[in-house]
Amino acid sequence: MSNLFSKIYPPSITINHQKLQQNSSTIRCCSNSNNDEHSSTEHNGWILNSFPEKNLVQHQHGIVKPPRPKRIILVRHGESEGNVDESVYTRVADPKVGLTEKGVIEAEECGRKMREMIEKNDDDDDDWKVYFYVSPYKRGIETLRNLAKSFERSRIAGVREEPRLREQDFGNFQDREQMKIEKAVRARYGRFFYRFPNGESAADVYDRITGFRETLRSDIDIGRFEPPGQQSPNMNLVIVSHGLTLRVFLMRWYKWTVEQFEGLHNMTNGGMIVMERGYGGRYCLSMHHTKEELQKFGMTDEMLIDQEWQKIAKPGELNYDCLITGPSYFTHFDDEDKIFEL
């Protein structure tokens, strides 16, 4: 973990609202406007600091919630050694598989495109920043470090290594021929529910991504990405992860069905999918992506219609006419409609 931060943050830079003091044995929270330290207690020699970001700003008309980040940007890692040669997995542990030279270039290009997109759309708002969540796998960390080259230190609000964003577990060191058999069986059994021996199914990934989603929503609700009173609505959350994991994340976020998930295509290496805050405050894919782009990703007409609702809906609202979670499950409505027509 120290290697991750040393590449991006030298000592004495604010990370997650805490300042690592060089030549200091304690971690101190950011000080307030009066240069007083936030409340802390000592326990067994450790300085335990409070978490000021949990204290929502008190306004004369009541509690003011921090602004929701403008975007959640999903990034698939650049081309890895395993993408080129699957035999790598027989001798290198999956978490230690790194990027190829092409993968490094893809990650750098992803960073340039990301910055260009942010600056193009936020040209009137110069207070934008990026905050990263990253898979602990080597190819994820290397992708982060290379795409982050496009952002100077003042633009990076923080980074968090998140194990729940790891790749689907295929079962330790892999036997190449046996894996071919397993993938053929998966195609017959179903891509979502098939569990690899000593590994995971996509359904298992769904369970851990559900936990991460709740953490992410909590972080958004309390504005954990910047100090209290300094939160900007132009924050960009960047999730650097793996193809299947990111598809499952979208499935969980938008409540897509298993059938709809199995119709999705993988993102390209170093590719991005952008969830942008809509007019009502919810995150929507069609704010940034065209209909054609989303169809190429594998989204159906029903999913696209729901995205148009997401574009104008407010957080907490329900779409009672959603074709994904509503009438499509029931077959007897058609018969009732025919009776009413008579």
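Residue 1 is the first one shown; counting continues down the chain.
Note: Cβ is positioned from N, Cα and C throughout, glycine not excepted.
TrEMBL annotations: computationally assigned, not manually curated.
If you check TrEMBL, you get these features:
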- His77: active site, tele-phosphohistidine intermediate (ACT_SITE)
- Glu167: active site, proton donor/acceptor (ACT_SITE)
- Arg76, His77, Gly78, Glu79, Ser80, Glu81, Gly82, Asn83, Arg139: substrate binding site (BINDING)
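Excluding Arg76, His77, Gly78, Glu79, Ser80, Glu81, Gly82, Asn83, Arg139 themselves, the residues of that chain whose CB lies within 8 A of the CB mean position for the substrate site are, in sequence, Val97, Gly98, Leu99, Thr100, Gly103, Thr143, Asn269. Other Cβ atoms within 10 Å of the Cβ of Arg139 (substrate binding site) number 29 in total over all chains. Here the recorded positions are His77, Gly78, Ser80, Gly82, Glu167; the one with the fewest Cβ atoms within 10 Å of its Cβ is Gly82. Residues near Arg76 (substrate binding site) in space but far in sequence (CB under 8 A, at least 6 apart, same chain), listed by position: Ser241, His242, Gly243, Leu246, Asn266, Met267, Thr268, Asn269, Gly270, Gly271.
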